[in-house]
Amino acid sequence: MNVNYIFVTGGVVSSLGKGIVTASLASVLEARGLDVTIIKLDPYINVDPGTMSPIQHGEVFITEDGAETDLDLGHYERFIKTKMTRYNNCTTGRIYSNVLKRERRGDYLGSTVQIIPHVTSFIKQWLITHSKSYDVLLVEVGGTVGDIESLPFLEAIRQMAIDVNRYHTLYIHLTLVPFISMTGELKTKPTQHSVKELLSIGIQPDILICRSDHLIGDSERKKISLFCNVSKKAVISLQNVNSIYKIPLMLQDQGLDEYICKYFNLNCPKADLSDWKQVVYYQNNPKGTVTIGIVGKYIRLTDAYKSVIEALQHAGLKNRFFVKICFIDAQDLETLSVKKMLKGLDGILVPGGFGYRGVEGKILSAQYARENNIPYFGICLGMQVALIEFARHVVGMEDANSTEFVNNCKYPVISEITGYQCTNNNNDIIQYHDNVDFSRSTMRLGSQVCHLIEGSLTQQMYGKKIIYERFRHRYEINISLFKEIEYAGLSGVGYSKNNNFIEIIECKNHPWFIGSQFHPEFNSTPRDGHPLFVGFINAAIQYQCKIIGS
């Protein structure tokens, strides 16, 4: 069976939404019964985004196999059913690292190592190797056509048409068609120049997807078709919409999936997008609104919490409520009035993070939620600060802290993971990184099994006793100090396979106060939601009703 390759590039400006378009197209092709996967090619020289600042790069998306990847992989998993792995994200840094290792081993037999053929051959081999079991591989090329960083990737995908046959390769170019308000015109010239730039590299796009503030009319499509040498049927108008989950429907309405199937000579049934129609319907017809506060330290760039934001919206869909999100800088809570800043919230969520900055503000938010019976959801560090707060103010451990912040505190209720060996059979896997900064030396990454206590609120929401969730942390609850905390009313309701780690906590004397060491947001999708997020939003709705009633 031949694999069909679809390459998606972007031009004119960055941030046009290549990831959303790629994922949306993949979802439509998947709905036609095709086995689909996506690979993101990133031009940055970092090996992975694991140590990049969330304020600069956005969130790090964790795959089931423990890879720290680009946030676009989160989009892919939310749109299609195929789970991403470390092989679905390839960076320039990873490529160069592998090429240099091969050179040092002598694999190139003394050849002068160059971009062409060695780097481009590595890229092509990566794509071919990791797409063998699929009908269609979509490849999103990061960056913008014309950037020097993207040239090796563009050369590699140009060569793919020769290596795997032009009939099994298709090039999609995403461009901007700006609207000039003074003249009331859509301008196609930037698109023409972007295609010209792509042609200079040797790539003739087969499909143009044109982003704009307005619907691109018939005359503009004819003009783009003529000057860019692309069929008019293959000029797709993609105007701004209020929901990214409308994109699959918009692509299907313009016949893009049918055009692609005919191009590849694929005989498959029409896509059934009824589930996406339901998502959009629920989004457009909410029964009410709840307000959730996200207390974080990276709020200058909300993409740092992309999966959390999406998971909250998914939970809103399942509850038929619109979720209004308020971002609260954790540092501000340390100096300003907590009551004023958190007033009017129906629920408080504290997401993950690293480092001491803003931690005391997060602790104050957990205390405020606990004392005022406001639904609280702590994720990773958010769980840890909830435990620290409870230990300090309920148990009486005034000096309680994490050894991440205070190494010699009297009550290290959160301490570094130590003494466990890395295994490959899901027994509390610890990833040991050699020759890197100490901050990543003992990171627990990827999907792990968790056993839930029967009858707990968490177990009732999941509806089962064994779950698999994704982790990214190197500090854990100190079991030796937890018994006293649990006796005071903060229970451990989820444990790792060998009971080495407490993964979930619940506050007994609170309507909904839950902390998870794992990151449930990475398993949430618009069509299914996630049990913890759905339960959290439901609790926020109940809290709102209670406040209104009183």
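Any Cβ shown, glycine's included, is placed from N, Cα and C.
Binding of L-glutamine is attributed by Swiss-Prot to GLY353, LEU381, GLY382, MET383, GLN384, GLU404, and the same site annotation extends, among ARG470, ARG474, ARG527, to ARG474. Residues SER14, ASP147, ILE148, GLU149, LYS187, THR188, LYS189, PRO190, THR191, GLN192 are recorded by Swiss-Prot as CTP binders, and the candidate that the same record lists for that site, out of LYS40, LYS222, LYS223, LYS232, is LYS223. The ATP site recorded in Swiss-Prot comprises SER15, LEU16, GLY17, LYS18, GLY19, ILE20 together with one of ASP48, ASP65, ASP70, ASP72, namely ASP72.
For the domain 'Glutamine amidotransferase type-1' (291-546), the mean pLDDT of the prediction comes to 91.
For PRO190 (UTP binding site), the nearest neighbour among the listed binding-site residues (LEU16, LYS18, GLU140), judged by C-alpha distance, is LEU16. Comparing the binding-site residues LYS187, LYS189, ARG474 on other C-beta atoms within 10 angstroms of each C-beta gives the minimum for LYS189.
Around THR191 (CTP binding site), the same-chain residues six or more apart in sequence whose CB sits under 8 Å from its CB are GLY11, VAL12, THR175, LEU176, VAL177, LEU208, CYS210, ILE224, CYS228, listed in sequence order. GLU140 (Mg(2+) binding site) falls within a strand segment according to DSSP. Within the set SER14, ASP147, ILE148, GLU149, LYS187, THR188, LYS189, PRO190, THR191, GLN192, LYS223 that the record links to CTP, no two Cα atoms are more than 31 Å apart, and one pair reaches that distance. For the binding-site residues GLY17, GLY19, PRO190, GLY353, GLY382, the largest tally of other C-beta atoms within 10 A is found at GLY382.
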